[in-house]
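Peer 1: Take this structure first; my questions come after.
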């Protein structure tokens with residue numbers, strides 16, 4: 001913008017379009033620094049004390065530091081109890097909870113943008129934001145339904161048509177929203193409208209895409225859903241505990257209350273917790289078996305023969321450690337080794353999701369994303385690290401765990417034309433005969 005003004009100043013006879021562009025820029029939002037100062041000055045609602053009155057009365061004699069400690073502790077236990085309840089209710093309820101959390105996180109972030117820019121009266125901003133959320137969810141969940149409910153989709157004619165043209169329908173829906181945005185552009189608000197267009201899409205990338213990965217992890221087995229989430233929760237709790245009692249050295253300026261003592265203590269506690277939790281859960285089929293849809297009962301099933309990943313094996317202990325603990329071998333599940341990678345990421349890299357959220361909140365001078373949970377802020381305040389963790393787990397499974405899925409291959413095979421199926425059958429038969437796994441019939445020789 002500065003370069004434009006200098007060029008206009010040097011060229012008094014500048015073309016009319018340059019002068020129009022300059023005047024439009026002035027109306028649209030001054031300079032970048034002016035716009036930033038206006039955003040900083042925006043009157044965002046301050047965080048109110050939303051602590052339940054019962055707790056306020058019971059903890060009235062405590063200092064604010066210890067009062068906050070007790071409030072956070074009590075509500076953390078309540079949230080953990082709720083987490084156990086939804087696990088007990090099964091995978092379908094977990095998916096619904098993930099969906100609700102996603103919508104609430106999206107609402108909290110979009111609301112911040114609306115509170116910052118509401119004075120500009122941007123047309124269709126909230127309507128388009130929710131419309132794009134609907135479009136993206138339709139695309140992702142449509143893909144999931146096609147992958148995991150294939151036989152159900154093929155059985156119902158309307159679902160089969162929607163599945164066949166799913167991506168075209170998804171693109172058409174998005175294109176409609178895109179055209180609506182272009183038609184909503186107002187001359188004096190061009191730049192701010194594009195700000196909010198980008199704001200909405202980045203929010204969709206952070207929230208919707210990664211919540212979709214959470215559901216994909218759940219289909220691999222509930223253990224891939226529960227252990228990573230529990231490791232993040234454990235790291236959050238133990239880092240707070242170590243920091244509260246032993247914290248002396250500041251960790252990062254974005255979060256002044258975070259300390260090195262809490263960071264290191266939380267890391268060691270999380271790795272130990274991950275090993276113990278993985279050992280307990282690996283012994284139960286309901287946790288280790290992939291979540292699959294049973295066409296006969298029209299319900300989800302989690303019954304299977306556990307893979308080698310969840311069978312106890314004996315490992316030799318390095319000589320250096322043998323001299324310390326006196327053991328030569330140890331029996332453990334292979335998944336426990338993977339849990340070390342998961343818990344290490346949760347404790348070393350996961351907190352950077354929280355630091356990112358802290359920087360975002362500082363940019364807009366707010367303490368929390370919302371006041372949904374007393375002492376904890378909004379739902380997004382609790383899930384800022386979880387979304388980063390979900391992406392890592394999905395990438396980890398795809399890179400080191402998951403192999404070809406026979407059931408999906410069979411599903412795709414059954415959708416082919418008869419001549420294509422026969423060609424694949426003959427090719428597979430010849431391959432197995434060459435491998436010596438089948439004996440060639442006399443007529444085939």
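Positions of Cβ are set from backbone N, Cα and C atoms, glycine also.
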Peer 1: According to TrEMBL, which listed range is transmembrane segment: 9-31, 32-54, 193-215?
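Peer 2: Comparing 9-31, 32-54, 193-215 with TrEMBL, transmembrane segment matches 193-215.
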Peer 1: Have a look at 149-167, 168-186 and point to the one annotated transmembrane segment in TrEMBL.
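Peer 2: The listed stretch tagged transmembrane segment in TrEMBL is 168-186.
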Peer 1: As a test: from 95-117, 221-247, 259-281, 337-357, pick the stretch that has the greatest number of Cβ pairs under 8 Å with the transmembrane segment (193-215).
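Peer 2: Stretch with maximum Cβ contacts: 95-117.
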Peer 1: As a test: from 69-89, 124-141, 337-357, pick the stretch that has the greatest number of Cβ pairs under 8 Å with the transmembrane segment (259-281).
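Peer 2: The stretch with the most contacts is 337-357.
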Peer 1: Would you mind listing the long-range same-chain contacts of the transmembrane segment (168-186), meaning Cβ under 8 Å and 6+ residues beyond its ends?
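Peer 2: Hits for the transmembrane segment (168-186): 122-124, 128, 131-132, 134-136, 138-139, 142, 162, 193, 197.
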Peer 1: Out of 69-89, 95-117, 124-141, 221-247, which stretch has the largest tally of CB pairs under 8 angstroms to the transmembrane segment (337-357)?
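Peer 2: Answer is 221-247, with the largest number of Cβ pairs below 8 Å.
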Peer 1: Which range out of 69-89, 95-117, 124-141 gives the transmembrane segment (221-247) the most CB pairs under 8 Å?
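Peer 2: Ranking 69-89, 95-117, 124-141 by Cβ pairs under 8 Å to the transmembrane segment (221-247) puts 69-89 first.
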